[in-house]
Amino acid sequence: MQPFNNQGIARPRNATPDLNVRSPQPASDVTLGIRSQLLEDFRNSKSRKFDLKDIAGHIVEFSGDQHGSRFIQQKLETANSEEKNLVFEEVLPNALQLMTDVFGNYVLQKFFEHGNQMQKTILAKQMEGHVLTLSLQMYGCRVVQKALEHVLTDQQASLVRELDGTVLKCVKDQNGNHVIQKAIERVPAQHIQFIIDAFHGQVYSLATHPYGCRVIQRMFEHCTEGQTGPLLDELHRCTAQLVQDQYGNYVIQHILERGREADKSMVVSKIRGQVLQLSKHKFASNVVEKCVDYGSKRDRQLLIEEVLQTKSDGTSPLVSMMKDQYANYVVQKMLDVVDDDQRELLVTKIKPHMQSLKKYTYGKHLIQSKYEATFSQLDSPRRPITNHGLSYYRGRKIDSVD
């Protein structure tokens, strides 16, 4: 027979035996991973309808089975108090093991969603002393996150406090980073100051890390200005490097999308003077687009003026950008968001080069279809230039790391 899971979960201890309830499965059977006849019948039956009371004494075993776990999860969504208590009393002595089980963790997550507050408190209590271990484990980290969503503030604070001293380890872990993100999102700011303190002097290192860049973004979203101010100052000092980093560029984009106007202008100031160069960069071009999209009208005007200027060798930055695989998207964004006067300046500059641009893959892509009508309007006497807002395929890179 196949084992019901690979965690070796011990049988539940029934403190108050009920003669009307099926006896728990013998400990030796569960420990050895031998599937009970009841679970076999459940898996093989296509006609019989099971209720939670039908699997009493086998809740832990069913929780560790793919089909049994799904059954319990579905039943908990609509279960009455008596049925929830039945499940709770059996899973509680084995809660810690179930939290790290591939299927069992979902049952405990469901309890944090649908259990009463007392049950949530008691379940979370089982995590005490184990929060770090659970946070670094593939399935345990999900249960910790769910607990942080549903327990009361005092218990939230108690759970996250166990991570003090290991914040950076968690941030750079594929599982632990999600727990830190959830703590930032859900736990009141005064209880996570130790997390913020751990970031001081580490902003560049975290922003250029595949998991750290996500955590930094959550911090800027949810923490107070008093907490984020010094870290923003630290970020601005390395903006020039971050915009060209495969992960750091997302943090700068986040500032442009959601940050204060002063911080947005600070980023734009670091881009000015390098628009052509950065627009041709795989990662930095995303940031230039966001500068155009989210910068102030004045900032946008300065960026456009920079690409409209003819260089000393007679070349046009704007035309060069239209031929480039990345920079052409910046031009498209400019045409999308500028006002009519700014758009007319751009189109006037582009129009003399239309025939030569059609020879280039990216230039042809930009000129055809979406802006063809816009360019042709210049031949008509002073008709307002409009942007028809048709979508275009961005066949290069994603906009954010989640």
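Cβ atoms are placed via backbone N, Cα and C, with glycine included.
For the ranges 1-27, 298-324, the feature annotated in TrEMBL as region 'Disordered' maps to 1-27. Taken residue by residue, the repeat 'Pumilio' (90-125) breaks down under DSSP into 30 helix, 0 strand, 6 coil.
Remote same-chain residues near the repeat 'Pumilio' (234-269) are listed as 200-201, 203-204, 207-210, 212-213, 216-217, 220-221, 278, 281, 283-284, 286-287, 290-291, 293-296, 299, 302-303, 399-401 (criterion: CB distance under 8 Å, separation of at least six residues from the stretch ends). Sequence-distant contacts of the repeat 'Pumilio' (126-161) (same chain, six or more residues past either end, CB-CB distance under 8 Å): 92, 95-96, 99-102, 104-105, 108-109, 112-113, 117, 120, 169-170, 173, 175-176, 178-179, 182-183, 186-188, 191-192, 194-195.
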